[in-house]
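Chemist: A single structure is presented below for examination.
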Amino acid sequence: MVRVVATGTFDIIHPGHIRFLEEAKKLGDELIVIVAREKNVRHKPKPIIPEEQRVRVVSALKPVDKAILGDEHDIFKPIMELKPDIIALGYDQHFDEKKLEEELRKRGLNTRVVRIKAKEECEYCSSTKIIKRIVDVVKSRLQEYEEFFRSRGML
C-alpha cells in the first residue's frame, strides 16, 4: 500500500484545495493530510478558521483518508511517525523538493517528494482572494451588515 502525505493550512477550503487533494490521492492508496498548526503558519497571515475546525473539514473531504494536526514544535515529527512513501506538494507550496528529500533521507526515510503541478483555475481558488472579496463586500455594505447583526443581538 502506497501512503501519500499532503500538508497545508487549508484555511478556507476552495476548489484549488480540492484539486490538490484529488491529485495527491491519485499518487497512492492512502492519503493522509497534515493540517498546519496556527503557530507554524509564517509565510502568510494567520488562519481565520481555528485549527481544530480546519482539520475536521479536511478529514471530511472525499479524497482524504485521514487528517491530523501537525506538531507544534517539529514539522517533521508527524512525517517520521507516518513514514509516507510520497509527500505531495502543491504547485505554490514553499518547499524545495530536493532539499526536502535530502532532509528526509538524513532522518532515515526514503520518501519521494512530488510537486503537483495541476492548478484549478477559478476566480476564488485562493483563500487570500476569498478573504479579500469578503472584506470588499463588507466594506461596501457595512451599514447593512451592522443592522443585520444588531437585529440578531450579535453586536
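Numbers run from 1 along the shown chain.
Even glycines carry a Cβ here, placed using N, Cα and C.
Bear in mind that the values here come from a model prediction, so they are computed numbers and not experimental data.
Below are the features listed in Swiss-Prot for this protein:
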type    : residues                                       : note
BINDING : THR9, PHE10, HIS14, PRO15, GLY16, HIS17, ASP92 : ATP binding site
Chemist: If the ATP site is taken as the center of the Cβ atoms of THR9, PHE10, HIS14, PRO15, GLY16, HIS17, ASP92, which further residues of that chain fall within 8 Å of it by their Cβ?
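Modeler: Surrounding the site, in chain order, are GLY8, ILE12, ILE13, ILE18, PHE20, GLY90, CYS125, SER126, SER127.
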Chemist: Can you tell me how many other Cβ atoms are located within 10 Å of the Cβ belonging to GLY16 (ATP binding site)?
Modeler: 21
Chemist: Within 10 Å of each Cβ, count the other Cβ atoms and name the one among the binding-site residues HIS14, HIS17 with the highest count.
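Modeler: Counting every other Cβ within 10 Å of each candidate, the maximum falls on HIS17.
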Chemist: Sort out the sequence-distant neighbours of PHE10 (ATP binding site) for me: same chain, 6+ apart, CB within less than 8 Å of its CB, listed by position.
Modeler: HIS17, VAL33, VAL35, ALA36, ARG54, VAL57, VAL58
Chemist: Which is it, of THR9, PRO15, ASP92: the one of these binding-site residues whose Cβ has the most other Cβ atoms within 10 Å?
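Modeler: Compared across THR9, PRO15, ASP92, the most Cβ atoms within 10 Å surround THR9.
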Chemist: Please report the DSSP secondary structure of GLY16 (ATP binding site), reduced to three states.
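Modeler: In the DSSP reduction, GLY16 (ATP binding site) maps to helix.
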Chemist: Could you find out if DSSP has PHE10 (ATP binding site) as helix, strand or coil?
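Modeler: For PHE10 (ATP binding site) - judged by DSSP and reduced to three states - the answer is coil.
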Chemist: On the Cα atoms of THR9, PHE10, HIS14, PRO15, GLY16, HIS17, ASP92, which are listed as binding ATP, what is the maximum pairwise distance in Å?
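Modeler: Per the listed residues, the maximum Cα distance equals 15 Å.
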